[in-house]
């Protein structure tokens with residue numbers, strides 16, 4: 001097994017070295033191909049690709065090769081999407097070939113990388129980046145030449161779309177056809193990456209580092225294997241990229257990031273700066289809503305008009321952002337919410353960040369983001385299942401039996417509240433004298449959840465300081481609620497509540513609550529007056545679990561045991577009440 005792992009590591013290292021030879025460490029240009037919405041012969045919006053008609057044997061060969069490649073790579077592409085890829089990529093390959101020959105370039109020094117994707121908004125598009133790397137050529141001249149190439153490519157595709165558009169709209173007047181072509185040239189399927197120069201007040205082609213763009217941006221996408229998924233369908237560079245698996249892409253991306261980890265967090269690279277293009281058109285399938293580009297629609301003099309609605313610009317995240325996002329994902333996956341958690345579970349990353357400028361601040365920011373993300377996206381039950389490894393639960397079941405509790409019913413009660421399906425009842429109250437296991441169970445649940453906070457009753461002015469953005473809150477040996485009984489009722493009522501915290505902004509409390517107490521907490525003393533006015537509202541928000549039998553567990557119980565036990569729950573919540581006799585073994589005496 002060890003030898004197989006070594007062989008696999010060597011293979012990936014060789015693959016990484018070979019891929020770096022194919023993708024040069026230099027700058028080129030990048031653009032998107034996007035399907036544009038226009039009107040068909042019935043004045044209805046369409047994204048249909050113009051018919052692929054050509055007398056060029058080279059272009060026909062490119063069409064066939066692209067279709068064969070895409071059909072073999074992914075079965076979730078529609079015929080129209082395949083035709084769009086054939087048209088755009090086929091014209092690109094043919095035009096590159098002509099450009100290389102006319103400029104007498106060495107074709108082996110041309111880098112073209114493309115990737116067909118569907119974004120989170122389900123918009124179909126193709127990423128392309130192109131570079132030419134020859135020591136005998138002036139890089140500035142090469143960039144200008146590549147800029148001219150993109151203009152030519154944009155115009156060629158605009159001509160195809162415009163002619164098709166005019167034909168189906170029966171636009172025959174030369175002047176109207178010229179106007180239509182102008183619109184397609186200005187806002188057609190080709191979208192170069194641009195930046196705005198504040199001095200000249202003009203847009204220029206944005207230089208893109210090919211390796212960074214490929215390894216960091218393109219390789220971060222997952223391959224699409226369902227129709228509703230976002231990610232990439234296929235990718236290629238006429239070499240290794242064509243045949244990489246999703247797992248290999250992720251591994252190579254990590255190797256590239258690790259190679260540059262020395263300056264990855266503070267690199268002076270910001271791809272967002274001035275990145276104002278390409279812009280994605282928010283297109284729908286209804287002729288009565290905002291659709292496509294107004295210039296294209298109006299140029300055809302159709303009855304359908306619309307405003308240009310633009311979504312957010314396509315942005316290329318920086319290395320700094322990618323590294324931070326990678327760290328945040330790792331914290332989420334292993335469950336790190338405090339510096340202590342990170343020291344134990346992600347010690348290398350903690351040490352690396354702590355030695356950087358503003359390192360402690362970065363660490364605290366990432367940990368806070370993970371607290372917010374986890375408490376918002378998943379429940380305490382999900383945390384227990386996600387962050388722990390299963391262990392034999394027999395010692396836990398024996399302890400629960402010794403406490404006089406029915407483990408099957410207790411499991412249903414706990415899971416109903418931990419999944420926040422208990423309605424207004426969002427608090428578990430373990431009640432009983434010392435030595436009965438109430439703190440043992442509460443501590444086990446909180447430690448298994450990992451993202452938990454403690455109610456600091458020692459500071460009555462700010463008891464919730466540690467409770468913001470936690471999946472579960474623990475009030476240990478809770479006595480009198482006093483002046484914060486109203487906050488407690490709001491928090492245990494099942495809603496998200498914001499409360500004041502010491503030295504911080506008001507924080508959102510989203511988690512369920514566990515209380516351990518050997519006194520009757522429904523009797524509240526405010527000042528010198530004890531009152532039962534809050535008793536009924538508190539009972540409506542809590543389920544009381546009486547722990548009356550003294551126990552002496554001889555085996556340590558762990559979060560892994562709790563996961564094994566709770567994971568056998570049938571995922572069906574039950575109706576809860578304040579007192580539930582079904583929780584206890586034998587006849588209740590209270």
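Cβ coordinates are placed from backbone N, Cα and C, and glycine is handled just like the others.
As the structure is a computational prediction, the values presented were derived from the model and not from experiment.
Feature annotations, courtesy of Swiss-Prot:
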type	residues	note
ACT_SITE	217	active site, for nuclease activity
BINDING	117, 125, 127	divalent metal cation binding site
BINDING	432, 433, 434, 435, 436, 437, 438, 439	ATP binding site
DOMAIN	33-263	domain 'PV NS1-Nuc'
DOMAIN	405-560	domain 'SF3 helicase'
MOTIF	217-221	motif 'RCR-3'
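Counting other CB atoms no more than 10 Å from each candidate's CB, the binding-site residues 432, 433, 434, 435 peak at 432. Its Cβ placed at the centre, residue 439 (ATP binding site) has 17 other Cβ atoms within 10 Å. The binding-site residues in question are 125, 127, 438, and the one with the fewest Cβ neighbours inside 10 Å is 125.
Broken down by DSSP into helix, strand and coil, the motif 'RCR-3' (217-221) contains 4 helix, 0 strand, 1 coil.
Residues near residue 117 (divalent metal cation binding site) in space but far in sequence (CB under 8 A, at least 6 apart, same chain), listed by position: 124, 125, 126, 127, 221, 230, 231, 232, 233.
The ATP site, placed at the center of the C-beta atoms of 432, 433, 434, 435, 436, 437, 438, 439, has further neighbours from the same chain whose C-beta lies within 8 angstroms: 430, 440, 518, 547, 550, 551. A gap of 57 Å separates the Cα atoms of residue 432 (ATP binding site) and residue 217 (active site, for nuclease activity). Other Cβ atoms within 10 Å of the Cβ of residue 436 (ATP binding site) number 21 in total over all chains. Counting every protein chain shown, 20 other Cβ atoms lie within 10 Å of the Cβ of residue 217 (active site, for nuclease activity). Rounded to the nearest whole angstrom, the C-alpha distance between residue 433 (ATP binding site) and the residue listed as 'active site, for nuclease activity' is 58. In three-state terms derived from DSSP, residue 438 (ATP binding site) belongs to a helical segment. Under the DSSP three-state reduction, residue 125 (divalent metal cation binding site) is assigned to strand.
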